Amino acid sequence: MCGIKSHPDDFELEVMVLGSHLIDDYGNTFRLIEQDGFEIGSKLHTIVRGEDEAAMVESVGLALVKLPDVLQRLHPDILVVHGDRFDALALATAAALMNIRILHVEGGEVSGTIDDSIRHAISKLAHYHACCTPRAEQYLIAMCEDHSRILLAGCPSYDKLLSTYHKDNYMDVIKSWLGDTVQKHDYIVALQHPVTTDIQHSIKIYGLMLDALLSFNKKTLILFPNIDAGSKEMVRVMRKKGIEQHPNFRAVKHIPFEQFIQLVCHAGCMIGNSSCGVREAGAFGTAVVNLGTRQTGRETGENVIHVRDADTHNKIYHALELQFGKRYPCGKIYGDGNAVTRILKFLRTIDLDEPLQKTFCFPPVKDSFSQDIDHILETQSALAVDLGGTNLRVAIVCMKGKILKKYTQPNPKTFEDRMQLILKMCFEAMWEAVRLNCRILGVGVSTGGRVNPQEGVVLHSTKLIQEWSTIDLRTPISDAMHLPVWVDNDGNCAALAEKKFGHGKGVENFVTIITGTGIGGGIIHHSELVHGSTFCAAELGHIMVSLEGPECSCGSRGCIEAYASGMALQREAKRLHDEDLLKVEGMDMKLSEPVTAAHLITAASLGNPKADAILNKACTALGVGIINILHIVNPSLVILSGVLASYYQNPVQHIVHGRALLSAQSIKVVTSDLEDPALLGAASMVLDYTTRRTY
């Protein structure tokens, strides 16, 4: 507060006082704040008396009721919350819910009682942290707090106490509180608070401490316990033992900070369970006897002896004997006196325009394994559906890309028959999946034509699949199977298959081209499948390579598909056969056998110049089309898939080397190793969410 107030050009300080500062029994300490020159802008009476657990809860609730009005009026940029008191928890809760940035001071430490939970809860609500020790910093990081928002500052109170404790008037302070006959290092400071998680035991320890102090027979300055639940009972124990009237004791409710530091610094020993004993006292080398579990886990110096199981007053008495009058090396575990300077510098760096939403830095974790026996025994799998021009195929595909079972049926001609057969085959596969111990996660559908994968709708199909336009595939399959369904174009599915299971695994930018009955494919760019604005990206078969070429199935002319597809080669083979120009010596061809593209390839391999010319033109058309793709999207790899891929690979690679720009000539053209890319791609939409776009 002093640091902020001393820099009015950078900060505007607003002071809010609540809790026990405003209670007469606890010294009305708000007056000390005013005496230090601070103007208190808001005073909130939030303490419900009773000093028990219910009163603590009611006090937090009362604070939460009163705080919103004040915070709304002040509208602070940053709220500084200190420590681990229940009042601070109420303040942090209100600020977090009102979208006010919170700087938590002294978070990340470990101690006993409910304060531990409160401190960590405030840390989780806070956006920024100023901690005291390297260990506290590491604990905050372990609690998944953002390292960039944690400042290792030291304890701000050390700035005050390190400049205060060596004042020359310390004897005047000692005598004013303990009498003229008391000498330095010859008195005890006692401060014991309730342990709210074990109130009865803490009351018992308090009584034992008082008995030990009575027996030890040294001047003792004893402070009343704080306002936590159980304090009222502890005060009753004190009065029952006559501590307030005993000549060796001076019982007080509050001592100003600077004077209290002098008293602790020059005491022969400090006893109790206050954090002051394990934190501030170490800076002076004052011997400390720490009782019970309230400070369990706190970092302490060698000046502290712990009596955690304080079950007899003799044990406490012996600890006093060991510690009283000893001086230890001064420790600086909690600070070096420069915390305020660091915190002010940290506050100046906070960008008030950055997003307020808090983010946590979770450590990487291994995938959890279900302990449910069904999950242990079952293999996570997908149902893959491939709607081809001739056949309808359904397969069970496991996570590793292995096809465990495949069903094939001729593709019906009508929409109703086709849908009925798809569902029938899917249900058969589901029953088989149970037998194979496979857990089906969803259904992936690969089909020809233009597909809207976001809606699961086939917009326009190819001529190979009739009555298949503006068809919602997702809804009927999902409704019948009670499983999520993904739908995409067969070329896109082939690209997804290569990305998950084939040559495209780990490659950010590549193109897959299907060379089968038709020509299709898919483009992976920055590890994402490219669909285009109207879902017709990667219609690679319809890249035009000639203005006056043969007619294509799409209605245009000169497309790659019109030259290099299986249908185009079959058409040319039939033409040669009809002209009796196909068959050559050494070629075995039955009269009843239908003419296919394979016959054209065989004839060319046996030296048929007409067949060879047709295939050279097909290779050139495909190669030029691929060069166009390289010059547009610049992939690092081209994968040829389909029945003609192995034939086209070397000629296409040769054409790329000879005709592409120098920067694209080194791009490899490889042949797919996958047997069923359409099925595997359909399955990959289900099995791997990273291959999906917006579904």
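Yeah, the Cβs are placed from backbone N, Cα and C, and that goes for glycine too.
According to TrEMBL:
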DOMAIN    9-347  domain 'UDP-N-acetylglucosamine 2-epimerase'
BINDING   Arg450, Thr462, Asp490, Glu539, His542, Glu561  N-acyl-D-mannosamine binding site
ACT_SITE  Asp490  active site
BINDING   His542, Cys552, Cys554, Cys559  Zn(2+) binding site
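This view paints the features noted in TrEMBL onto the structure.
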residue: Arg450; record: N-acyl-D-mannosamine binding site; Cβ contacts under 8 Å, 6 or more apart: Val458, Leu459, His460, Ser461, Asn489, Thr534, Phe535, Cys536
residue: Asp490; record: N-acyl-D-mannosamine binding site; Cβ contacts under 8 Å, 6 or more apart: Asp386, Leu387, Gly388, Ser446, Thr447, Gly448, Ile514, Gly520, Ala678, Gly681
residue: Glu539; record: N-acyl-D-mannosamine binding site; Cβ contacts under 8 Å, 6 or more apart: Gly520
residue: His542; record: N-acyl-D-mannosamine binding site; Cβ contacts under 8 Å, 6 or more apart: Ile519, Cys552, Cys554, Ser556, Cys559, Ile560, Glu561
### Query
Counting all other Cβ atoms within 10 Å across every protein chain shown, which of the binding-site residues Cys554, Cys559 scores highest?
Cys559
### Query
Of Cys552, Glu561, the binding-site residues given in the record, which has the fewest other CB atoms within 10 A of its CB?
Cys552
### Message
I'd like to know the mean pLDDT over the domain 'UDP-N-acetylglucosamine 2-epimerase' (9-347).
### Response
90
### Message
An 8 Å radius from the center of the His542, Cys552, Cys554, Cys559 Cβ atoms defines the neighbourhood of the Zn(2+) site; name the other residues of that chain inside it, in order.
### Response
Glu539, Gly541, Met544, Ser553, Gly555, Ser556, Ile560, Glu561, Ala562
